[in-house]
Amino acid sequence: DVPKVIEPQGDSNGPRRGSLCDQHCAAINNMQGDLGCHLHRPRVPPVVSPAICCQQCSDDVCESCVVKTTLMAENAVEANKLSNNYKFGFKKWKSHVTARPWEDRSEIVKELYSDLNVIRGSGGSTVTCGNVLYLLLFGWWLSVLYILVAAMMFITIVGAPFGRLCWNLAGYFLWPFGKVIQEAEVPKSRRALGACEAGTEASSIGESSALLHGPVPHCWHSQCWAGAGSWRRAGTVVWLCLGYPALVVAHGLVCVAAWLLVVLIPVAKLSARTAAHVLLLPPERVLVRHLRMTEVPLEGQVILCCYRAINPYYYKYAVDGINVFAVNLLPLVLVTLVLGYVDSHNRLTSSPVKFSLALLSIMPLSYYIGMAIASISAQSNFAVGAVVNATFGSITELTFYITALIKGSREGNRCYAEIVKSALTGTLVGCVLFIPGLCMVIGGIRHQEQRFNSRSAGVSSALLFLSVGGVFAPTLFSKVYGKLICGECHNITQNPLGHYLCHNCHFDLMGSNGTLYYSHVQPLVYTVSLLLPAAYLIGLCFTLKTHAHIYDIHISDCHMPGHHHSAVVHWSRWRALVILLLSTLCMSACADLATEHISPILSNSTISQYFIGVTVLAMVPELPEIVNGIQFALQNNLSLSIEIGNCIAVQVCMLQIPILVLFTIFYPTNFMLVFSDLHVYASMFSVVLMNYIFMDGKCDYFQGTVLVMVYFILLAVYFFAPSPSGC
């Protein structure tokens, strides 16, 4: 739906048209005009004016104006990244590479980065499901631990002040909601005696939290001992040796568990700030009060004030620009590598467990690779960004495919080559049907009808037709000229001239010393592998140079006047390059472990190897792209959601498969570019259906449901299909 805008006031003598086309053009091209936007158009052709555009259209429809896209960016770096996102043939990245201005964020996001030291007005009852869950998971045993530590401190006599502190904190951590921990002000007489300063600075504004960058008081250095007596020094030593370590370990466990659960990150901040600040203060300066008993203004500084244990919006939380889920999954990569290479004899875990861990570790590594590519592209010119994207954009899939082919060649097992073909087909089918269909369904729930650039989608569709035809040309050639050989045949009519039932049939290309394959099929494979990348380059030239107006977009850096901000990049180019190389190295190790431990699954599983290849091995590495596509669709930017799937499918056929063929020239493997009939039919049907759906440039949730249902039907076919012959 195009928003209505006020008709621009121009020259009264100029051409003025009141058609729907005028309104569409004005709405899209001038949508940000009232906000004082400043346009950044890096390497993007200028927008066609409404008058010129509408002269080529009727008064009722102006399709070329409707498909124009205006994107908002916070700064020039984000504008450059968004502009490169629309370039044909490159993967699309959703993550922000710069820090968003603090004042431009919503109150919900600002609350995520607070240090839990702000007293708010009455927010209703503190008895909520999340707070009760905290009580059951952490509150009761933390309270018991504080009571035990308090008893131990009272027994030591000298630690009695710390015992009273633990007794007060026991009640606080049993139910901390609606209570306040304050740091009492030091009287002037105490300051004169040399007591240590109260030590917390005001909470900093930005993507930092008490959990990661919280201030730590410096109350235990030598100046603190100057004015204290031997009795107090003895009590402090007892506290630091007996009570404090046990509580730090407990709060550390709570902190890690709550952080991994994401929605309980407020509890993690609460525990981290307690261990790093509250427990290091002198006990007489820590005050625990109930909010209803506290009158504003409070005496002293507020250290902790928590109202809710669970915040469902913490899925948006980021640490140095990295999403919290990617941060939490990073230790999984280390565990996978340690178990995989240290426990090589499977004494601690089994092969299926290691395979699952290696496959899951690919997800965060794909995120880091994408974030690094986006950071480098946004801070570089288009040539550098294109080289990095083309080089590392498919590194996840290629790493797994090559390691699987190497292992199959060493073991003489052709099942690995069939698994690679299944994964290639599964990626193609999933990116053509599942990713666009799922984005249409989820985006259609929020938007009744979504439009996209049908001309740009048509370019991708044409290349998909070309690439699918080229990839499966050797297969069709072998079906025509190959010799059909069956493993066993049975006469079902007991008549020598009757019907025979044959099993394990395939077209033999190696008969007569492989004359058919080496003289005809292999040269065709090499020819196709050269023509497909050439077609890919022609498509790049077509969409980036000669017909760049097809992707007619402009990026709007939109801020209110007087509130412009310089870009604060999360990762510099060198840091992004180091992370990119390390992630690629870890990806290679995880792919090696996955192929090392997939053999027991293939041999012992009752599920078809076809199904394992087209689902697990094909779609798990694409999960970050699926999430990106859904986010674009929710923002009513379906063009990028569709381009995500088309781009991956085009890269599979025009880049990944030719690279695998080129690899087999230098390292002989069992990989031949001859697919089974099921792969051919599924891929061609998917491409035809996708082109039919995308013909009119608009879609809704029903069309997305059709694509998703067809994808699941194909998965059911693969599930019940027999395994490849010889596996």
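Each Cβ is built from the backbone N, Cα and C atoms, and glycine gets one as well.
The domain 'Inner membrane component' feature in TrEMBL is assigned to 129-179. Here TrEMBL flags 132-155, 237-265, 322-343, 355-376, 382-402, 423-445, 457-477, 576-595, 607-627, 648-667, 673-694, 701-721 as transmembrane segment. TrEMBL lists 355-472, 576-718 with the feature domain 'Sodium/calcium exchanger membrane region'.
Annotation: stretch 701-721 has the most Cβ pairs under 8 Å to the transmembrane segment (607-627), among 237-265, 322-343, 457-477, 673-694, 701-721. Here the transmembrane segment (132-155) has long-range neighbours at 162-167, 169-171, 173-176, 238-239, 242-243, 246-247, 250-251, 254, 257-258, 264, 267, 309-310, meaning same-chain residues at least 6 beyond its ends whose C-beta is under 8 angstroms from one of its own. Across the domain 'Inner membrane component' (129-179), DSSP assigns 42 helix, 2 strand, 7 coil. As a summary of secondary structure, the domain 'Sodium/calcium exchanger membrane region' (355-472) carries 102 helix, 2 strand, 14 coil according to DSSP. Non-local neighbours of the transmembrane segment (237-265) in the same chain are 112, 130, 134, 137-138, 142, 145-146, 149, 152-153, 156, 158-159, 162, 166, 211, 220, 271-272, 274-275, 279-280, 309-312, 314-315, 317, 324-325, 328; each lies 6+ residues outside the stretch with a CB under 8 Å from one of its CB atoms.
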